[in-house]
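In what follows, a structure is listed as structure tokens, so that the remarks can point back to it.
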Amino acid sequence: MAASAFLLIASFMLVLLLLARPLGSFLARLIEGEPLPALRRVEAAVWRCCGNTTAEMNWWQYALAILWFNLLGLALLFALLMTQGSLPLNPQGFPGLSWDLAFNTAVSFVTNTNWQAYSGESTLSYLSQMAGLAVQNFLSAATGIAVAFALIRAFTRRSSATIGNAWIDVFRITLYVLLPISLLIALFFVSQGTLQNFLPYLHISTLEGAQQTLPMGPVASQEAIKMLGTNGGGFFGVNSAHPFENPTVLTNFVQMLAIFLIPCALCFSFGQVAGENRQGHALIWAMSLIFVVAVVVVMYAELAGNPHLSELGSASNINMEGKESRFGILATSMFSVVTTAASCGAVNAMHDSFTALGGMVPMWLMQIGEVVFGGVGSGLYGMLLFVLLTVFIAGLMIGRTPEYLGKKIDVYDMKMTALAILVTPTLVLLGSALAISTDVGRAGILNPGAHGFSEVLYALSSAANNNGSAFGGLSVNTPFYNLLLAFAMFVGRFGVILPVLAIAGSLCAKKRQPAGNGTLPTYGPLFIGLLVGTVLLVGALTFVPALALGPVAEHLQLWLTK
């Protein structure tokens, strides 16, 4: 089993790096503003038709463009979900959603969270899935990448007042990156058996003579961008555990690769644009170290399973509850880490059925800000926030003004960094406290005790950090949870984006100083260790008390009771 685990992790990382390196070089061209020569005229025609100026923006103009663009998308998606009952491409005749569920779902997909308080095959029409959710899968992903582009430019520009043009960035990211790669992935999924049709649901008779309904729909096209854009919202309720979404071990492997592909490629892009590839390599090393350790811990926990099973006569303690036999323990454990290290949230098993320790690791990966590769764009700018915090701490220790890539890090930068890092923990802890201290919050908990608290903590961690996965034992389709989680998702998304863009505006205006004898190298093993330690320390100080009340207590109850 250990050899199989090693081969799975090693092969995944090898293929990921081989694919991410050339994509990173291509993304670097987009960051530096180089359009594809073949599409230069197409771009010019689009801007003429839209009446859009190609002039660059300062940070607050960029932020306003991103914010208004997403608010418009939220309003349109909300209207579509409310009125789907009277719109076409609804062969099952599903009615419109309730206002609170429609609002929660609209916020969820606009913020790249894809939290789902519903089951897609029994709630949404094909039009809502395609024109609503799938469109936002592209646009929310493009938003995150665009913000990362702006921050990368800020580190590399000298005495500049602008960080790029939001409209051009979103357009190029969608047209040149997300659409073509999604098309290739969708075709591969179709070849493996993923559904792609517009048929009404099929009613069949099983071998036992019972009647069964098989859901249909344009699944593969949505599945591709769901993974590539680290969105995570499934066409079906059980997400990638459904054989119509994720039919084979090969599609499972490709889905994991798709989740990490752009976040890893952006690290290469960062190093290339900065003029020092080793800067990007250092980020990849730091992310990979945390990722591999997390995978090993979850695999160990799920293989150790439940010690009480052997007492009941079971031949094995391995925890297969809630898992698909076609994937097995190792691939399922790795998928759970990939999807929560990134802000994806897609699942190929029920995380609520993991062991206490196995479920705690995905929860913790979300709580540290999903900076282990992370979401498309958000993973990189989230990790760069920790980089700024690390160089600030290192500067305090050696008595020098902190700097990164030749840019001095001043008080304003650190205030914005602290604000961005503290937004999501505040939402998680205060939201969890509100849920468990009110009757309407406690009413949704189906499993009392430590695990019930873990379900609430997981839900708020997932929403605030824009992940979207869940512990299924919590009833969240209520006005209380729909509104609470929608607030956490929106503030968790834009409450981080705005400080990041403010940092970008501050950094791009500064001169880039040459490195001196006392400059801290930000690419070697020492800095990688400091960066990993900072991420772990912030996560530990913030969430250990809450984790002790939930998964840690549950783990001790399981292993110390007879």
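Backbone N, Cα and C atoms are what each Cβ position is placed from, and that goes for glycine too.
Note that this is a predicted model, so its numbers are computed, not measured.
Under the heading transmembrane segment, Swiss-Prot lists 6-26, 62-82, 132-152, 170-190, 253-273, 283-303, 327-347, 356-376, 379-399, 416-436, 483-503, 526-546.
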- Message: Cβ pairs under 8 Å only, please: of the recorded stretches 6-26, 170-190, 283-303, which one is richest in them relative to the transmembrane segment (379-399)?
- Response: 283-303
- Within the same chain, the residues 6 or more beyond the ends of the transmembrane segment (327-347) and with Cβ under 8 Å of it are 1, 4-5, 8-9, 12, 112-115, 226-227, 230-234, 238-241, 249, 252-253, 255-256, 259-260, 263, 287, 290-291, 294-295, 298-299, 302-303, 318-320, 354, 358, 361-363, 365-366, 370, 372-375, 378-379, 462, 465-469
- Looking at the transmembrane segment (526-546) and the transmembrane segment (253-273), are there 3+ C-beta pairs under 8 A, with each pair at least 6 apart in sequence? no
- Would you kindly check 253-273, 356-376, 483-503 and say which stretch has the most C-beta pairs under 8 angstroms to the transmembrane segment (416-436)? 483-503
- Which of 170-190, 253-273, 356-376, 483-503 shares the most C-beta pairs under 8 angstroms with the transmembrane segment (62-82)? 483-503
